[in-house]
Structure formats: C-alpha cells, structure tokens
Amino acid sequence: MLKLISRNAINKNKIILFRLYTTTINSSNNGSTIREWKKPSLENSYDTGIMVKNSLFKNGNVPFLISNCSEKNQRPISWYTCGPTVYSSSHIGHARNYMTVDIIQRILINYFRFNIIHVMGLTDIDDKIINKSKQELISASELSKKFEQEFFEDLKSLNIKPPMFTTRVSEHIDEIIKYIEKIKENQLTYESTKSVIFDVNKFGIDRYCSLRAANQQIKSDDTLLEKDKKSSQDFVLWKAYNENIDIDGTGNPVCWDSPFGKGRPGWHIECSAMIDSIFKDHLDVHSGGVDLEFPHHQNEIAQCEGHSHSHGSGDAESTQWANYFFHIGHLILNNEKMSKSLGNVITIRDFLSRYSANSLRWICLIHKYNDPLSFSDETLQLCISKEIKFLNWFKIVRSKLKLEQTSVNKVKKTFNHSIELLNQLSETKYLIEKDLKDDFNTPSVIKRLELLMKQTNESMNSIDTDLLFNVQDYVESILNIFGLEVNSEISDHNKTDESNQFLLEKLLDFRSDVKNLAKNEKSLDQIKSKIYQITDQLRSDCQSEISLRVSDIPDKGTNKPYTVDWLDKNHIQLLNIKKQSKK
C-alpha cells in the first residue's frame with residue numbers, strides 16, 4: 001500500500017531545505033569572486049519541483065522557481081534564446097543548441113504543462129555580415145535576409161518549433177539607442193573617439209562577475225577599440241562609424257544617426273535592448289551555447305542591471321535581472337569545438353542530405369544537454385541503431401496487437417500474467433518523472449524506456465493486450481514529447497509511381513547493357529565479368545535510390561536465389577556509416 005504524504009508537509013520541508021541550501025551558494029569557489037546567485041523569493045514564487053543546472057550558480061543544481069507567480073501558469077515563463085549571426089549557413093553545432101532548447105521546452109510544455117513565451121534574437125548587423133556582403137557584392141541587408149530564411153527553413157526541417165517572437169537588431173535600433181542613453185544617464189559609460197563604452201569598474205567589479213571571476217582571462221570582442229578602453233573588461237555599447245570598415249558590398253554605409261554620433265550597436269547591447277522591448281527588466285530563463293557564457297552573457301547581465309539601477313543607487317546590489325541561464329554544451333568534432341572560425345563545420349543541410357532529423361534528435365537525447373558532445377561515425381551509428389531498435393519494437397508490438405484483434409481463437413489472459421509488467425510500467429513512469437525533474441535528464445529516460453521495452457518483450461505472449469497497448473502508448477507518448485516521430489510503418493515503396501518508374505528504367509537500361517555486351521565483347525571471361533559488374537551496380541542503385549535491398553542466397557534449387565527487403569531511411573543511414581568506416 002502506498003503511504004500518502006501531505007503536499008503541505010512536502011512543501012514545508014522543501015522550503016527548509018532550500019533555505020539551508022542557499023546559505024552556502026557560491027561559498028566555495030576556491031577564492032574566486034563570482035557573485036552570489038540570489039534565489040527568487042519563496043513567498044512570491046511558484047516551485048516547479050524541477051532542479052536545474054543554473055550557470056549563475058557553480059555548486060550543483062538549484063530549484064527552478066517562477067518568480068512573481070504564486071500559482072502554476074499564473075503567468076508564462078519568460079525565455080530568451082540567443083539566435084545566430086546570419087552571415088552563412090548554420091551548422092550542426094548550432095543545431096545541437098537549438099534542438100536541445102526545443103527538447104527542454106517541449107518537456108516543460110507537453111509534460112509539465114507550463115506556458116512559455118519564447119523570444120529569439122537574431123544578429124543581422126555585424127562585422128562578419130559586412131565583410132561577407134563585400135565578398136558577394138550584395139548589401140548587408142540582402143545577405144542577412146538570405147541566411148535568416150535559410151536558418152528558419154533548417155529549423156523546420158529539424159522539427160524545431162519556431163520562437164513565439166523573433167527580434168532583429170536592424171528593427172530595434174531606436175530601442176537600442178534609448179537603452180544606451182539610460183545606461184549613460186546612470187553614469188556607467190564613457191566615450192572614446194565617438195564610441196560609447198560600458199565602464200565595468202563604475203558598475204562594480206563584484207557585481208560584474210556573475211558568470212566568470214575577475215581573475216579569469218578577459219577576451220575582447222572588438223580589438224579595434226581595445227586601445228580606447230580604460231580597462232580590458234570594458235566593452236562597447238555604440239561603435240563609431242568607420243568609413244574604411246562599415247561599408248557593405250554595394251558601397252553603402254552600415255550606420256545610423258544617434259545622439260552619440262553615426263555608428264552601430266555593439267554586439268552585447270543588442271540582446272539586452274531586444275529582451276527589454278518584450279520582457280522589460282526581468283527574465284526567467286536565458287539560454288544559449290556555452291561559448292556565449294563569457295563575455296557575451298556576462299556583459300548582457302551588467303548592461304541590463306546597469307540599465308535598471310544607476311551607479312551608487314541604494315537598491316543596485318539587490319538586483320538580479322535574469323534568474324536562470326541554461327548553457328548548451330559544445331559539439332566536438334575531431335577533438336575541437338565545431339566552429340565557423342575553425343572551418344570544421346558540417347552544415348545542417350549537408351547533414352540532412354545524408355541523415356534524418358530524428359537521428360540528430362536522438363544524438364541530443366542520449367547526451368546530457370550541458371555536457372560536450374563528441375560527434376563521430378560511432379556516435380551516429382549508436383543513435384541510428386537505437387532508433388531502429390525502438391521502431392522495430394513498435395512494429396512487433398503493433399503486429400501483436402493487430403493479430404490479437406483479428407484472432408478468432410483468442411485466449412483470455414488472467415490478470416496475474418500482467419501484474420508484474422503493470423508494476424514495472426508504474427515504476428518506470430515514476431522514475432522517468434524523477435529524471436525529467438532532475439535537470440531534464442533525457443539520457444536516463446531513454447535507458448528506462450529501453451528497460452521497459454525489454455521487460456515487455458519477455459512477457460509479451462502472456463500479458464493482456466490492453467496492458468500491452470498501454471505500455472506501447474506510454475513509450476510513444478514520451479518520445480513524442482521529445483519531438484521524435486515514431487511512426488514505425490514503412491511506406492509501401494513498391495506501389496509508388498516513383499519506384500515503378502525507376503525499376504522500369506533500370507530494366508530497360510539492363511537490357512540495353514546486355515545487348516551491347518553481346519555485340520562488342522568477344523571473350524567469354526570479359527562478358528561474364530561485365531555482367532557481374534552490371535548486376536552488382538543494379539543492386540546498389542536499387543538500394544540507394546528506392547530503398548530496395550536485394551541479397552543473394554546460395555542456389556539450392558530454388559527459383560528465387562535471392563531475398564528482397566524494403567528498407568527504411570534509418571537502415572540505409574546505418575549501412576552507409578558502416579560502409580564509410582571500412583574505407
């Protein structure tokens with residue numbers, strides 16, 4: 001019998017534990033000066049019951065609390081994601097980032113039933129965009145629009161839900177200028193050669209160190225302005241127009257008028273102002289790649305808090321602009337971070353020309369979202385094999401259910417045959433909920449589903465079909481929550497017009513090749529060799545073009561010394577990987 005514990009008692013204990021827990025936040029950072037993360041007020045927050053890895057806190061997971069909200073969905077979760085700088089095709093390192101955010105949000109929305117307002121910011125004004133437009137002899141605007149469209153087409157191909165709002169730097173110039181003016185009014189800037197620079201020392205070095213300590217290496221995002229800065233950690237808010245640099249591929253200047261003079265926004269200020277345009281001075285969740293943690297996100301925090309409170313104001317120290325930062329781990333290729341600057345990228349479109357979107361989603365699911373992910377043929381082979389394993393299980397279960405429905409000799413199973421699997425299903429549901437509350441631990445969830453499938457296989461012939469249906473339905477529902485398409489039915493390729501047309505053309509090509517061979521070749525050995533080549537090529541083409549696999553078997557008097565299989569895309573991908581690994 002289950003012992004029920006009152007919700008009030010649980011919540012009371014959680015509050016006591018949390019208060020004890022937060023007294024030691026950031027108290028053991030080996031002498032570093034990373035500032036303390038301030039928990040949202042427990043009296044004015046909704047406790048989701050989820051523990052998360054928050055980059056603002058370095059010593060483990062923290063409770064995920066929705067501030068200014070006493071009841072579930074009293075208000076939606078505010079969430080901002082840094083989008084790409086749209087100057088070239090996105091690669092699978094980007095895809096890992098956005099697909100992982102998609103998975104986490106699907107869990108929150110479809111499993112835990114939270115509402116989210118998701119905003120993504122696109123950088124469509126940047127040095128890289130200007131330089132690329134010069135190479136292609138087009139305007140910076142035309143270039144950025146081209147790659148923005150490609151980016152969102154790629155997201156759709158990957159089954160990644162689009163954000164509720166997309167913000168573009170070019171559409172928020174007025175808001176950015178006003179945002180800088182407010183920071184300037186709060187006495188946190190200085191000007192140098194008509195550029196406006198954020199003064200970290202005036203803001204307070206202890207306040208600044210929200211993600212990284214002051215003694216860690218400072219990396220400037222604009223070497224041209226380095227000589228104009230008072231301190232290496234200072235960063236530019238408004239870049240003065242440079243006629244030698246800020247000209248696009250059509251010869252037009254990329255700049256705007258402002259109270260500070262002609263110029264364009266610095267990189268960090270763009271996100272801060274665009275977030276403020278929708279969410280104002282508070283954000284629940286900010287996500288992005290781990291490479292953006294410093295300096296970009298740390299500078300964002302400083303700007304937003306500097307915008308809300310002036311230098312020396314009494315309540316400045318109590319400010320916490322964003323409560324949670326989720327950083328997605330690097331995608332590693334050949335022991336290096338996948339990066340356009342390193343030139344070691346696989347574009348999303350190149351990947352999808354060979355593999356499915358589901359394959360990439362499986363890769364994301366079996367790795368912890370904030371850990372580095374090593375991309376290799378072995379990783380692909382593992383994930384595709386896992387997907388095939390799940391799809392084959394669904395086919396077996398559905399065939400069993402269909403057979404039971406149509407059988408006239410059905411034997412009624414007793415409940416005793418099903419009780420063990422029923423208990424295993426209940427335990428799996430309980431443990432998977434714990435996994436999802438443990439920082440969205442999808443690798444553990446997948447392992448638990450595999451174990452449940454194994455247990456189901458062992459008792460499939462002795463359990464009630466209603467229970468079998470419920471197990472199948474639960475496994476499918478979890479995969480659907482993750483955004484996986486799990487329809488195990490392979491399309492009837494041999495009845496499609498395309499397949500029939502292909503086979504007809506191949507048959508006629510084969511006839512023509514054999515006729516030419518008979519006419520032109522005189523040596524019997526040469527004829528035999530060429531026929532083998534032609535037939536092998538025909539078999540290879542059938543597999544690659546219409547997923548028809550022909551396998552030879554020893555001739556033992558049968559009229560058909562071969563077998564024929566219609567393959568799904570996953571099998572073809574796996575065969576291709578194995579073939580490449582042998583080369």
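Just so you know, glycine gets a Cβ as well, placed from its N, Cα and C.
Features as listed in Swiss-Prot:
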BINDING   Cys82, Cys271, His296, Glu300  Zn(2+) binding site
BINDING   Gly83, Thr123, His296  L-cysteine binding site
MOTIF     84-94  motif ''HIGH' region'
MOTIF     128-131  motif ''KIIK' region'
MOTIF     337-341  motif ''KMSKS' region'
BINDING   Lys340  ATP binding site
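Taking the features listed in Swiss-Prot, we show where each one sits on the structure.
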{"residue": "Cys82", "record": "Zn(2+) binding site", "Cβ neighbours (10 Å)": "20"}
{"residue": "Gly83", "record": "L-cysteine binding site", "Cβ neighbours (10 Å)": "26"}
{"residue": "Thr123", "record": "L-cysteine binding site", "Cβ neighbours (10 Å)": "22"}
{"residue": "Cys271", "record": "Zn(2+) binding site", "Cβ neighbours (10 Å)": "27"}
{"residue": "His296", "record": "Zn(2+) binding site", "Cβ neighbours (10 Å)": "19"}
{"residue": "Glu300", "record": "Zn(2+) binding site", "Cβ neighbours (10 Å)": "28"}
{"residue": "Lys340", "record": "ATP binding site", "Cβ neighbours (10 Å)": "18"}
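Here the CA atom of Lys340 (ATP binding site) lies 17 Å from the CA atom of Cys82 (Zn(2+) binding site). Each of Gly121, Trp267, His268, Glu270, Ser272, His286, Gly288, Leu292, His297, Asn299 belongs to the same chain as Cys82, Cys271, His296, Glu300, is absent from that list, and has a C-beta within 8 angstroms of the C-beta centroid marking the Zn(2+) site. The L-cysteine site is defined by Gly83, Thr123, His296, and by the 8 Å test on Cβ atoms against their centroid, the other residues of the chain that qualify are Cys82, Pro84, Thr85, Gly121, Leu122, Trp267, Glu270, Cys271, Gly288, Leu292. Same-chain residues lying 6+ beyond the ends of the motif ''KMSKS' region' (337-341) with a Cβ under 8 Å from its Cβ atoms: 88, 91-93, 291, 330-331, 375. DSSP gives Thr123 (L-cysteine binding site) a strand state.
Reduced to three states, the DSSP call for Lys340 (ATP binding site) is coil. Here the binding residues for L-cysteine are Gly83, Thr123, His296. Their largest Cα to Cα distance works out to 13 Å. When pLDDT values are averaged over the motif ''HIGH' region' (84-94), the model yields 97. Checking Cα-Cα distances from Thr123 (L-cysteine binding site) against the binding-site residues (Cys271, Glu300, Lys340) with a 10 Å cut-off leaves Cys271, in sequence order. Counting in whole angstrom, Cys271 (Zn(2+) binding site) lies 10 from Gly83 (L-cysteine binding site) by their C-alpha atoms. Between the CA atoms of Glu300 (Zn(2+) binding site) and Gly83 (L-cysteine binding site) there is a gap of 14 Å. Taking the C-alpha positions, the distance from Gly83 (L-cysteine binding site) to His296 (Zn(2+) binding site) comes to 13 Å. For the pair His296 (Zn(2+) binding site) and the residue listed as 'ATP binding site', the Cα-Cα distance reads 18 Å.
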